[in-house]
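Asks: Before we start, here is the structure in question, set down as structure tokens.
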Amino acid sequence: MAARRHTTTRRPVLAAAAAFLLPPNPVAAAERLAFDDLYSGWSVMGASFSPRLLALVGQEAALRGYMAPPLKAEADFFVLAREPMALCPFCSSDADWPVDIVVVYLRRQAQPTDPGTRIEVVGRVETGSWTDPDSGFVSQIRLRDARFRPL
Amino acid sequence: MRRSNLIQAFLPLAVLWSLPAGAQTIYPINRAEILAGAHFDLKVEFPGVVATDRLRVTVNGRPAADVFGRAPDYIEREDGQAASSVMLRDAALTAPGVYTVAASDGEHSASVTWEVYAAPTARRARNVILFVGDGMAVANVTAARILSRGIEQGRYRGTLAMDTLPQMAMVGTSGSDSIITDSANAAHAYNTGHKSAVNALGVYASRARDSLAHPRVETLGSIVQRDLGMAVGIVTNTEIQDATPAAVFAHTRRRADYLPITDQMLESGASVILGGGSASFLPQGTPGSRRRDGRNMIDAFRQQGYAFADAGESLASVAADPNTTKLLGLFNLGNMDTALDRFYLRQGTVSRFPNQPDLTEQTRAALQVLSRNPAGFFLMVESGLIDKANHPLDFERSVYDTILLDNSLKVALDWAGNRNDTMIIVVPDHTQGIGIYGVVDDSRPGEMRDRVGTYAEAGFPNYPAADARGYPPSVDVSRRLTAGYAAFPDYYETFRPHLEGQNVPAVQQGSGGPYVANPIYRDQPGAMLRLGNLPRDASTGVHTVDDGVLRATGPGSERFHGFIDNTLVFRAMAEALGLGR
């Protein structure tokens with residue numbers, strides 16, 4: 001636990017330093033989450049959201065990952081995955097998404113990035129089962145009003 | 001991936017719809033072999049709208065309605081298109097023989113010939129156990145023998161369990177649509193005796209738009225429950241909805257229909273169901289669920305009398321309970337993890353699901369529960385992660401899971417002992433193109449490719465002796481096997497096992513763009529870019545048309561020799577059980 005506290009106190013300092021060096025971006029203000037921070041418990045009967053994620057609901061957070069190939073051409077909605085999505089049609093299926101994906105709703109439409117490019121997304125954290133009305137895609141964690149930048 | 005998969009699943013249907021008007025299509029297709037009494041849907045598709053008075057379907061010259069005892073349904077405009085069909089669900093022919101089915105619209109006619117067969121002898125096998133090594137090539141088996149048993153001066157120190165089986169045959173795996181099959185269509189052939197198309201499970205690939213509306217054929221699991229009161233077991237380490245386990249009971253044109261497949265599983269009556277994939281059982285509101293409704297399918301199974309296990313310990317205790325005759329065991333939200341990850345590398349989802357049972361434990365539990373049925377059982381056990389490792393060119397993981405298959409086979413062979421009432425088969429569903437061509441020796445000078453010894457320079461690898469489980473405790477050794485895959489996307493060859501997690505050889509460049517070598521391996525010492533020989537939309541290696549090698553033992557297994565079509569696996573199982581008589 002000491003290590004965790006140490007990390008969280010250092011991060012804003014590092015982010016502030018980066019913001020000073022790099023062109024201004026909104027990432028500096030948001031608390032950074034990692035994919036490992038989203039769920040605190042895993043079982044066959046389902047996963048549980050971590051207290052850290054739940055504490056951020058309604059607030060802005062930053063999350064790094066890879067944009068899955070978009071479900072529709074105009075990318076105001078995409079799936080953020082921990083690893084680049086390169087699944088094969090016959091060893092996996094379209095029902096076979098990783099469990100810990102995050103759905104991102106962008107503030108403005110944007111061109112999709114390469115699925116192999118790591119990106120950082122900042123958005124307002126939302127949890128709970130939600131079915132996208134256009135695609136029917138079901139998600140448990142979302143980042144709303146989001147923007148992103150390649151890393 | 002998601003989109004391209006959907007396109008792959010539906011493209012053949014779109015093509016069929018756009019065909020110019022021609023002869024009618026009859027399902028089951030020409031040269032179908034049908035077990036006497038097994039149910040099938042007869043469907044005739046006419047290229048245009050045909051009035052009922054012009055339409056004629058005959059079986060050996062007699063109207064179909066007379067032969068089957070009821071008239072087929074007439075669909076004037078199938079799926080709203082200008083094309084008529086007739087469909088007779090759940091037809092059956094009980095008398096063996098040759099049947100010619102003809103269909104005419106008054107102008108054009110078409111015909112197919114079927115062979116209806118019955119077992120030549122009374123039932124000889126009380127039980128049948130079918131082991132499937134998904135995507136298992138000869139190179140997987142050879143490497144499993146080297147790593148698990150060791151080799152010295154050219155002689156193996158021991159043989160695999162599968163090496164001891166007396167019967168062997170080469171298996172042709174092609175489907176009705178293509179010489180290259182997938183796991184759905186391949187397992188469909190084993191479970192129904194019919195050949196169908198890529199992505200299809202328990203159905204012929206007709207022009208129907210609804211993936212669940214295609215003409216069905218009955219599975220062995222259904223026949224043996226209905227005719228003989230046998231119990232059915234399904235065991236895998238993939239999601240239980242994946243193609244090979246689903247083929248035991250499912251009927252869909254689209255193998256990715258995980259939610260309908262889960263619902264069909266509940267209706268199938270299977271007594272033992274063990275694998276991964278709880279995500280498709282949990283109600284939509286539960287984090288980790290893939291359902292699109294609020295149904296809790298685990299509760300639905302419990303309500304039908306299934307005991308439930310979610311980890312290795314609970315599986316053993318529930319199976320040991322003499323009152324357990326129906327058992328559902330789910331051990332991961334998704335696919336379970338490979339033996340290499342579970343026992344040695346702790347990668348994949350092992351930290352999330354640390355208590356996944358081994359496939360040997362699943363096999364033992366299934367045998368324990370199924371053998372409580374006095375009428376015998378049919379059990380399918382899949383080592384499904386062999387293929388899921390071969391696809392991303394991850395040879396070491398595929399080899400460990402081939403040893404896993406062999407360990408599980410050993411459990412069944414020990415169980416069968418001298419009973420002489422159980423037919424046991426071990427077979428791949430299809431192959432991957434792999435060859436072991438040398439030994440990499442880290443002590444050699446030069447770049448990694450210059451450290452590959454071939455012929456005399458290969459010598460022997462120095463994997464440590466196998467532990468009690470049958471695996472070398474370390475795969476990261478200084479002299480290791482080098483295997484090459486026949487078909488691959490652009491990727492970085494590292495000449496090393498992927499200790500950091502399963503290989504991801506290629507990633508897509510841009511939306512809908514080509515797959516390129518995954519740059520995360522570029523800076524590994526000695527990594528070498530290999531330009532792919534597959535189309536640039538391929539993300540991984542692919543199945544090959546090469547024959548698979550089947551081994552078998554027990555009553556009825558003498559049917560397996562020389563070359564066989566994959567449909568003969570079904571026929572031999574049916575004959576050993578005396579079906580169709």
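Just so you know, glycine gets a Cβ as well, placed from its N, Cα and C.
According to TrEMBL, the protein carries these features:
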SIGNAL    B:1-23  signal peptide
BINDING   B:ASP134, B:ASP387, B:HIS391, B:ASP429, B:HIS430, B:HIS543  Zn(2+) binding site
BINDING   B:ASP134, B:ASP242, B:THR244, B:GLU382  Mg(2+) binding site
ACT_SITE  B:SER183  active site, phosphoserine intermediate
Asks: Quick one: of the binding-site residues B:ASP134, B:GLU382, B:ASP429, B:HIS430, B:HIS543, which have a CB under 8 A from chain A's CB atoms?
Replies: B:HIS543
Asks: Cβ-Cβ under 8 Å from B:ASP387 (Zn(2+) binding site), same chain, 6 or more residues apart: which ones?
Replies: B:ASP134, B:GLY135, B:MET136, B:SER183, B:SER398, B:GLN432
Asks: So if I draw a 10 Å sphere around the Cβ of B:THR244 (Mg(2+) binding site), how many other Cβ atoms end up inside it?
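Replies: Excluding its own Cβ, the number within 10 Å is 30.
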Asks: Report the nearest neighbour of B:GLU382 (Mg(2+) binding site) in space among the binding-site residues B:HIS391, B:ASP429, B:HIS430, B:HIS543, comparing Cα positions.
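Replies: Smallest Cα separation from B:GLU382 (Mg(2+) binding site) among B:HIS391, B:ASP429, B:HIS430, B:HIS543: B:ASP429.
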Asks: In angstrom units, rounded to an integer, how far apart are the Cα atoms of B:HIS543 (Zn(2+) binding site) and B:THR244 (Mg(2+) binding site)?
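Replies: Spelling it out, the Cα of B:HIS543 (Zn(2+) binding site) and the Cα of B:THR244 (Mg(2+) binding site) are 15 Å apart.
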